[in-house]
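Undergrad: Pulled from Swiss-Prot, these are the listed features:
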type	residues	note
ACT_SITE	TYR213	active site, proton donor
BINDING	HIS208, ARG358	FMN binding site
BINDING	HIS208, TYR386	substrate binding site
Amino acid sequence: MTIVNEGAENVGYFTPAQKIPAGAAIGVPQTKLFTPLKIRGVEFHNRMFVSPMCTYSADQEGHLTDFHLVHLGAMGMRGPGLVMVEATAVSPEGRISPNDSGLWMESQMKPLRRIVEFAHSQNQKIGIQLAHAGRKASTTAPYRGYTVATEAQGGWENDVYGPNEDRWDENHAQPHKLTEKQYDELVDKFVVAAKRAVEIGFDVIEIHGAHGYLISSTVSPATNDRNDKYGGTFEKRILFPMEVVHSVRKAIPDSMPLFYRVTATDWLPKGQGWEIEDTVALAARLRDGGVDLIDVSSGGNHKDQRIEVKDCYQVPFAEKIKDQVNGILLGAVGMIRDGLTANEILESGKADVTFVAREFLRNPSLVLDSANQLGENVAWPVQYDYAVKGHRKLR
């Protein structure tokens, strides 16, 4: 008998084939968390996804580095249903910091392609979040002291834009008010970045419409006092994100899932900002525009926000949208710390997937720990499998 250590296909180096993705249930899944989910042409082997997390570690031209290959690759090897690359700017002034990811020029594709190639060599799914920071752009990395990044620091404090000229706070640059033409041009930039993401080979694209960045600040009456086609009524305030959604959906394959991260509420007093009722109304329009899944976050749009932070504090927002809007999938995110909790969210019908961020940084083997909590038998990388249950004959 000849034993061959079969290699992964379509990769320029040897790495063992992972015929069963790490994190996939072996046999019939016993829980919703480990039940595969198919969205358009992509099947996710479980429903615990890695949220996009900014690391402020790209070079000053927006290129990802070997740090990101290791950071994202290591999380992907440990079996989440999807790894989402951090907020990636569609234009240079759309970065949060000088060290943010970008996809506004072709040279930025090469390091991203390496990351995607590695994820696929491990039989894992990977997506990218496309973003514009708006009035929250040109700041320093928070772990270096959160303030305005000056030109001497690689910033662009005189080239920051938002729906109006109001600063987020004293630690942010004074923005210029975007013209209608500039909004129109940004729609095109989202499309160009999306086409590049498709060419690179990403499985999913997410549009960042949350946390006070450009889309979020444009839709909220607390931060948009415009009186042109992009301001005033609810329909006018959501015009920009809907143009982005429609244009991106047309530019990417029908088989490719499109996600949208939303701020469910500004966490301001009633009547003063964007509220969950607005998100419910937007969700129906996003569905009709071709969005497949809404990733439900909150806050980040106004300095006077009063967020009631606790475990799973944003899950009720996802649940409310799910109860009121049919035909679109919902993702819950925020302080989801373990598999028991994640599975309960899904089993009770509050959401269709869970997004987890900081807990993956604390515990890269969260998927395996969750499986053990729930009594699920899941695959693990062939190189690591003997550390889990001995040399199992799984593949």
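Glycine is treated like the rest: Cβ placed from N, Cα and C.
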Undergrad: CB neighbours of HIS208 (FMN binding site) within 10 A?
TA: 28
Undergrad: Between the Cα atoms of HIS208 (FMN binding site) and TYR386 (substrate binding site), find the distance and write it as a whole number of Å.
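TA: Roughly 39 Å, rounded to the nearest whole number.
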Undergrad: For ARG358 (FMN binding site), list the number of other Cβ atoms lying within 10 Å of its Cβ atom.
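TA: That number is 13.
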Undergrad: Comparing the recorded positions TYR213, TYR386, which residue's C-beta has the most other C-beta atoms within 10 angstroms in this structure?
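TA: Neighbour-count leader: TYR213.
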Undergrad: According to DSSP, does HIS208 (FMN binding site) sit in a helix, a strand, or coil?
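TA: DSSP assigns HIS208 (FMN binding site) to strand.
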Undergrad: Give the distance between the Cα atoms of the residue listed as 'active site, proton donor' and TYR386 (substrate binding site), rounded to the nearest whole Å.
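TA: Computed Cα spacing between the residue listed as 'active site, proton donor' and TYR386 (substrate binding site) is 45 Å.
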Undergrad: Rounded to the nearest Å, what's the C-alpha distance separating TYR386 (substrate binding site) and ARG358 (FMN binding site)? Just drop the number here, would you?
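TA: Given the Cα positions, TYR386 (substrate binding site) is 27 Å from ARG358 (FMN binding site).
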Undergrad: So, in DSSP terms, is TYR213 (active site, proton donor) helix, strand, or coil?
TA: coil
